[in-house]
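In what follows, a structure is listed as structure tokens, so that the remarks can point back to it.
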């Protein structure tokens, strides 16, 4: 019986403490009604930020993260938008325009820069009257985007450059796609067959040297 009375006494004591805490909180809110206003305002702003995040994600295809941070007990909300590409083709280009090489000096400069980066370069030797050359150029520019920062792509129009440059490449047929590395021509593909086969051969060529 004494044990049961003790349990009841403890329960009443605990309830009394909770009631006193509740009264203190109510008294604090009554004396400072701005606390409720700030909390409600903060919740409303949080909902607005999240709504705008969803709208932006639907429209732009971006992942949007909203971060809330309260420091040192202050009711201060810090918002930070962080946009990340949802599709890989947003982050990387789908095509890279090939740059022309106009003379031997430019070729030497290109090779020197590639040597410093320890990267190969691809050169399409072409002519404006060569239909196959014109057909391959945009496909090679797509391949250039695929190997961006690993290999650099160039072209030489043999009708617009000195013959010393053409002889440097030892060109006899067009289109000819060559891979150069460490100041030397390593391998080449003669593009007389189907375009997709040429591109695959060039890709295999690059993979051997990157």
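Heads up, the Cβ atoms here are built off N, Cα and C, so glycines get one too.
What you are looking at is a predicted structure, and each value in this text was computed from that prediction instead of being measured.
For reference, Swiss-Prot has these:
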ACT_SITE  130  active site, nucleophile
ACT_SITE  133  active site, nucleophile
DISULFID  130-133  disulfide bond
DOMAIN    81-210  domain 'Thioredoxin'
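Under the three-state DSSP scheme, residue 133 (active site, nucleophile) falls in the helix class. Summarised as a single figure, the pLDDT of the domain 'Thioredoxin' (81-210) averages 92.
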